[in-house]
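Colleague: Handing you this structure, nothing more for now.
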Amino acid sequence: MADGKHHHSRRAPTTDAFDPAELTHAFEQLMRVKRFDRLLEKSRSPSRTQSPSPSPYRSQPSHPSQALPATQPAQPQPSSQSPSLRNLPIVPYPPQDQNAFKFRNLLHVLSVTPTKYENPGLLDEALSLIPLDKLYSEADEECQIIQAQARSLKRKPEWGYQDCVIRALLRWFKRSFFHWVNNPPCSRCLTPTIAHGRAPPTPDEAARGANRVELYRCADPSCGAYERFPRYSDVWQLLQTRRGRVGEWANCFSMFCRALGGRVRWVWNSEDYVWTEVYSEHQKRWIHVDACEETWDQPRLYAEGWGRKISYCIAFSIDGATDVTRRYVRSPAKHGAPRSRVPEEVLVWIIQEIRKMRRENRPKEEQRRLFKEDEREERELRMYTACALAAELKNLLPSNRSPSARPDEVKVPQTAEPQAAWNNSRQRSGHSGPDGSQGDR
């Protein structure tokens, strides 16, 4: 009987049956042929074969201001898609023009942000402000509930204890500690204020990390006082002010996660938004966390929940940098913006350069561990692309015309006006981002 069932499941497909294995084989064969043809075409270009291809642990320039190399390979046209979608191996090469060097310098400057969280005095100060007993109690209770649910379903618990600690921190940070600022109230009469341009920072404000100051005027004509709103980037100062917008929220919350022992990434989005990623030892992957929205593990929030077009999402940590765009943009054709800052080969080169700079003095064993972690994350990011492609192929079949859940479905909040939500967040700031663009951070 078992043998009969086996033969029944492997019988040749009829004209009315759909064989996914056959479609998969045909698709793979087609991509092999296309990849081989493209590689042959590339091999005929002598300039391409001369381009350097540094590995993460080879000798490379460690400072953005170093001179151009003697050989300048021809640059392909920038792509609006992630390199994984082109199904071609990337041969990294260094920046060759002014725009590429500008982007490289920007990423190097941004990569310094998470290194500031390693100050022992800063972490001690942060711990003194966190209600540890409350957070650990909430985490313990939530962890027990998760474990009980897992036992009843005979499954592995979804989250571990450390994950629950960060989730408790997220709730406390959003609801009790940090405060959102649109227009700061008048400090003299507490009346709402009206934006009145910008002002240069005072020496004291500049010393505390304020690169720019927003100026507001009291809406009460009888008062007319001016209110200054320095945009502090120094985390020490944020522990005192406890207010700000997206940039301040992500910066301070990321540092708090580090203070609680978490491995932290500060994620920069080229559309001028920032958030946090925390590594889950339980799930062995990086988790998206947005302190402003109090969201946990909802990476598709921005593209699919808010309907935003996204080009670059670069995650920075004390271990280097990673292009995590594929985690947040599952369908580049629908939600991706043009990736035109630099060619993909140059972006890979810059990321490898930052990784080498952060890791070259680490023990060899730790370097190997991080390298394996990079490989595991790359497989995860490729899986997102493969699942999105599989869902699109499945929807092309006549029997699957009706809407169905995608295999990589992750729930996102149902926002009444997702477009307005993002636009409002961008209007909350009004200051230029690190690359000089006007944005919400």
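Residue numbers in this text run from 1 along the chain shown.
A Cβ is built for glycine as well, from the same backbone N, Cα and C atoms used for every other residue.
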Colleague: Quick check on the record annotations: which of H8, H431 is tagged methylhistidine by Swiss-Prot?
Modeller: H8
Colleague: Ranges 1-23, 185-207: which does Swiss-Prot label region 'Disordered'?
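Modeller: Spelled out, Swiss-Prot records region 'Disordered' over residues 1-23, not the other listed ranges.
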Colleague: Does C218 (Zn(2+) binding site) have same-chain partners at least 6 apart in sequence with Cβ under 8 Å from its own Cβ, and which are they?
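Modeller: When sequence neighbours closer than 6 are ignored, C218 (Zn(2+) binding site) has C186, R188, C189, T191, T193, I194, G224, A225, Y226, E227 within Cβ distance under 8 Å.
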Colleague: Here are the binding-site residues: C186, C189, C223. Which has the lowest count of other Cβ atoms within 10 Å?
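Modeller: Per-residue Cβ counts within 10 Å for the binding-site residues C186, C189, C223 bottom out at C189.
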Colleague: Translate the DSSP assignment of C218 (Zn(2+) binding site) into the three-state scheme.
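Modeller: Note: C218 (Zn(2+) binding site) is in a strand by DSSP.
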